[in-house]
Amino acid sequence: MARYVFITGGVVSSLGKGIAAAALAALLQARGYRVRIRKLDPYLNVDPGTMSPYQHGEVFVTDDGAETDLDLGHYERFTGRPANQQDNITTGRIYRNIIEKERRGDYLGATVQVIPHVTDEIKNFVLEGNEDYDFVLCEIGGTVGDIEAMPFLEAIRQLGNELPRGTAVYIHLTLMPYIPAAGELKTKPTQHSVKELRSIGIAPDILLVRADREIPESERRKLSLFCNVRESAVIQALDVATIYDVPIAYHKEGLDSEVLSAFGIDPAPKPRMDRWEEVSNRLHNPEGEVTIAIVGKYTGLKDAYKSLIEALYHGGLANKVKVNLDWIEAEVFESEDPAPYLEKVHGILVPGGFGERGAEGKILAAKFARERKVPYFGICFGMQMACIEAARNLVGIENASSTEFGPTKEPVVGLMTEWLKGNMLEKRASAGDLGGTMRLGAYEAALKSGSKIAEIYGSTDISERHRHRYEVNIDYKERLESAGLNFAGMSPDGVLPETVEYPDHPWFIGVQYHPELKSRPFEPHPLFASFIEAAIEQSRLV
């Protein structure tokens, strides 16, 4: 039977519940347990697919095409277990499910209410499909006290009573702020947060306390006394240099042992931490460094590129180098020469994005990389802009563009439905729904034998995750290839371009998919490992 760990947050948001859940899962895995992590998001959106990156950060896409919270990326990277649609639920999805059931008459005329109908739907989500796991970790989004989170907290309170005794543990993540004027850490915010949680009917078993410095024993005893938690269960969560240091830090503080003890499980033997220690050692003792320019449009919020950042660091791990990131807003290149920004970097990465803003800047970044022989990695939108750049400057199609930006006579990039569906042209209404209208999830691709990208993968058959509405128009394939841009990867039916590259360039690759979503610290994605390797070579030239 699965045991359940419910992780809540208090005082402020963005304390790192997702990292805490992922780190605990990694520690339990290191002891040989089978672990699943689920995220319960209180917002009313059905999923984050149509939310602004500035509001929500990255949308993490799973193999089965779910658009989910970025925390699921942490779960995958720390545990190696692919997430799926059933690992993330939102209030919006819950309400939609309930309304559909009500319309079908499933409730037999009953008045539909938050309790029991909404809470039952949440509980069903938490309990479903856990037969093959020893532990199920459930992260509750938001902060205790938020009105949106109340149904979720009520649901996990009920589960504490309904599950067999000894199979549910509650962890509360809080903040102990340091007040410089007083020269001390303050326990009062945590006390009030726990008081709020207890008023709901949830008594935390473990306090995980974020702080920027060591918490004195006297303050731990104080928290233990006023929050009614064992002193050994007041665990400090100090700031660390990288997220990959967190499992080691939490193990040293005894989090995994305390969780097992709370379940009545002997915490011996110790977990095997070898691979985490190796990752930490490589991060803290690099043998060199490279600088990668990220030419994007959401650079004001780094969480919009969370998986991308981590995948670049993984590429650094594979090559034992530190990866420095130079963030450049693409729009800058529309009014300024890219050269001063790009001539000293060792690689240029143009990530995915939506809309016309910054597109011309990304095209100029691709042009600079092509002409100056600087390693270039174009992902999704970055591949599309590289193809438009080639069409304009190598093929001579001056007005080459994308239908994403408006009507154009030369749609080098467009909705695939605009040129092909069977053999019929299809139009999508510009005012139609955006949600659920993209190519999402894992799709196979066939790579050309002998191409650079096939050599990097070590295979001609791959499967990668997608998230896009627009594709490079296959009608331009022949002209672009004649100009030197090789379409090295296509969908198995030969209809949709998946990868492009310049054979005469040291490293210039564009991919329509998102390889960053499948990179892990212990298994860096081969494209990122190769890109950083090319950047190391470039660093010897500049």
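Glycine too: its Cβ is placed from the backbone N, Cα and C atoms.
On a predicted model such as this, the values are computed, not experimentally measured, just so you know.
Summarising the annotation, Swiss-Prot assigns active site to HIS514, GLU516. Annotated ATP binding site per Swiss-Prot: SER14, LEU15, GLY16, LYS17, GLY18, ILE19, ASP71, in sequence order. The feature L-glutamine binding site is assigned by Swiss-Prot to TYR54, GLY353, PHE381, GLY382, MET383, GLN384, GLU404, ARG469, with sequence analysis given as support. Annotated Mg(2+) binding site per Swiss-Prot: ASP71, GLU139, in sequence order, evidence recorded as sequence analysis. Residues or ranges marked as domain 'Glutamine amidotransferase type-1' in Swiss-Prot (evidence: sequence analysis): 291-541. What Swiss-Prot lists as region 'Amidoligase domain' is 1-265.
Recorded features from Swiss-Prot, shown on the structure.
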| residue | record | CB count, 10 Å |
| --- | --- | --- |
| SER14 | ATP binding site | 10 |
| ILE19 | ATP binding site | 22 |
| TYR54 | L-glutamine binding site | 11 |
| ASP71 | ATP binding site | 26 |
| GLU139 | Mg(2+) binding site | 28 |
| GLY353 | L-glutamine binding site | 22 |
| PHE381 | L-glutamine binding site | 27 |
| MET383 | L-glutamine binding site | 28 |
| GLN384 | L-glutamine binding site | 32 |
| HIS514 | active site | 23 |
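Of the recorded residues, LEU15 (ATP binding site) and MET383 (L-glutamine binding site) place their C-alpha atoms 35 Å from one another. Ranked by Cβ neighbours within 10 A across all protein chains shown, the binding-site residues LYS17, ARG469 are led by LYS17. In this structure the alpha carbons, written CA, of GLY16 (ATP binding site) and GLU404 (L-glutamine binding site) are 36 Å apart. Here the binding residues for ATP are SER14, LEU15, GLY16, LYS17, GLY18, ILE19, ASP71. Their largest Cα to Cα distance works out to 12 Å.
GLY382 (L-glutamine binding site) has a Cβ environment of 26 other Cβ atoms inside 10 Å. Comparing the binding-site residues GLY16, GLY18 by how many other C-beta atoms lie within 10 angstroms of each C-beta, the top residue is GLY18.
Take the mean position of the Cβ atoms of SER14, LEU15, GLY16, LYS17, GLY18, ILE19, ASP71, the recorded ATP site; other residues of that chain with a Cβ within 8 Å of it are GLY9, ALA20, ALA21, HIS74, GLU139, LEU173. Of all the Cβ atoms in the protein chains shown, 27 others lie within 10 Å of the Cβ of GLU516 (active site). The two recorded residues GLU139 (Mg(2+) binding site) and PHE381 (L-glutamine binding site) have their Cα atoms spaced 32 Å from each other. According to its DSSP assignment, LYS17 (ATP binding site) is helical. The Cβ neighbour count for GLU404 (L-glutamine binding site), using a 10 Å radius and every protein chain shown, is 19. Around LEU15 (ATP binding site), taking its Cβ as the centre, 19 other Cβ atoms fall within 10 Å, counting all chains. Site extent for L-glutamine: among the recorded binding residues TYR54, GLY353, PHE381, GLY382, MET383, GLN384, GLU404, ARG469, the largest C-alpha separation is 23 Å.
Candidate recorded positions: GLY353, PHE381, MET383, ARG469, HIS514. Nearest to GLY18 (ATP binding site) by Cα distance: HIS514.
DSSP assigns ASP71 (ATP binding site) to a helix in the three-state reduction.
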